[in-house]
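For reference, the structure I am asking about is given below.
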Amino acid sequence: VIGGDECDINEHPFLAFMYYSPQYFCGMTLINQEWVLTAAHCDKTYMRIYLGIHTRSVANDDEVIRYPKEKFICPNKKKNVITDKDIMLIRLNRPVKNSTHIAPISLPSNPPSVGSVCRIMGWGAITTSEDTYPDVPHCANINLFNNTVCREAYNGLPAKTLCAGVLQGGIDTCGGDSGGPLICNGQFQGILSWGSDPCAEPRKPAFYTKVFDYLPWIQSIIAGNKTATCPP
């Protein structure tokens, strides 16, 4: 996260850290004791999922590591379009218990409204050159825009996405924040998918997969319908 500050250790009990290699990691969001949501483009063959984590180099007493037991990506996702249906649901190999630094966030009950102030968070780059990664998650507030702002910035926008950032630039998610949550008015509304390169450019908000539009798919999979398909 560019232009933010260290998150309060108590504000992100639902935030998980997916580690694949020193060069490749993502954010994830715990939605119940056994399931996390992230971006499909964060998928790797081998993933360690840390929950209850704040400082990467120092373990919290209640920090735990889990692995994917099952992974679900929309069966109708366009394979060669990284930004299409950029959402992945992962079942943990063992449930987690709620503790000081671990608690799920519920799925949104309403879609977010344009103009909302939203919170971003993650262990991603804190410099636009993407050469400085923090030991602790950084948090910042950004604004939810009308999708036309992103359409103009990127000559288009995938369906079922949210467009969020700061028009003057300087505050944004960045490399390593992918898959992490966009929290608007206390509700988990988005999953970081893609943004400008370099990050935090003026008039180039990032886009986030719109969780609300995928609720039927998420709820079907969790209920045991493993073949559920996503909206087109």
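In case you wondered, yes, glycine gets a Cβ from its N, Cα and C as well.
Look at Swiss-Prot and you will find 1-223 tagged as domain 'Peptidase S1', backed by sequence analysis. The feature disulfide bond is assigned by Swiss-Prot to Cys7-Cys139, Cys26-Cys42, Cys74-Cys230, Cys118-Cys184, Cys150-Cys163, Cys174-Cys199, with sequence analysis given as support. The annotation active site, charge relay system is assigned in Swiss-Prot to His41, Asp86, Ser178 on the grounds of similarity to another entry. Per Swiss-Prot, N-linked glycosylation site is recorded for Asn98, Asn146, Asn225.
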Can you name the residues of this chain that are 6 or more positions from Cys199 (disulfide bond) yet have a C-beta less than 8 Å from its C-beta?
Ile2, Ala125, Thr128, Glu130, Asp172, Thr173, Cys174, Gly175, Ala206
If you compare CA-to-CA distances from Asn225 (N-linked glycosylation site) to each of the recorded positions Cys7, Cys26, Asp86, Cys118, Asn146, which comes out shortest?
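Its closest listed neighbour, by Cα, is Asp86.
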Who sits close to Cys74 (disulfide bond): which same-chain residues at least 6 apart have their Cβ under 8 Å from its Cβ?
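For Cys74 (disulfide bond), the qualifying residues are Ala40, Lys85, Ile87, Trp217, Thr229, Cys230.
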For Cys230 (disulfide bond), just count the other CB atoms lying within 10 A of its CB, please.
21
Tell me, in order along the sequence, which recorded positions from Asn98, Cys118, Cys150, Ser178 have their CA within 10 Å of Cys42 (disulfide bond).
Ser178
Validating a neighbour-count step here. Other CB atoms within 10 A of the CB of Ser178 (active site, charge relay system): how many?
26
Just to confirm: which same-chain residues, 6+ apart in sequence, have a Cβ under 8 Å from the Cβ of Cys139 (disulfide bond)?
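Val1, Gly4, Asp5, Glu6, Cys7, Asp8, Glu11, His12, Arg119, Ile120, Met121 - these are the non-local Cβ neighbours of Cys139 (disulfide bond), listed in sequence order.
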Compare the Cα of Cys184 (disulfide bond) against each of the recorded positions His41, Asn98, Asn146 and report the nearest.
Asn146
Compute the C-alpha separation of Asp86 (active site, charge relay system) from Cys150 (disulfide bond), stating it in Å without decimals.
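So the Cα of Cys150 (disulfide bond) lies 16 Å away from that of Asp86 (active site, charge relay system).
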If you measure from the CA of Cys26 (disulfide bond) out to 10 Å, which recorded positions from the list Asn98, Cys118, Asn146, Cys150, Cys163, Ser178 are inside that radius?
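Close recorded positions: Ser178.
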Can you tell me whether DSSP puts Cys139 (disulfide bond) in helix, strand or coil?
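Where Cys139 (disulfide bond) sits, the three-state DSSP reduction gives strand.
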Applying a 10 Å Cβ distance cut-off over all chains shown, what neighbour count does Cys118 (disulfide bond) have?
22
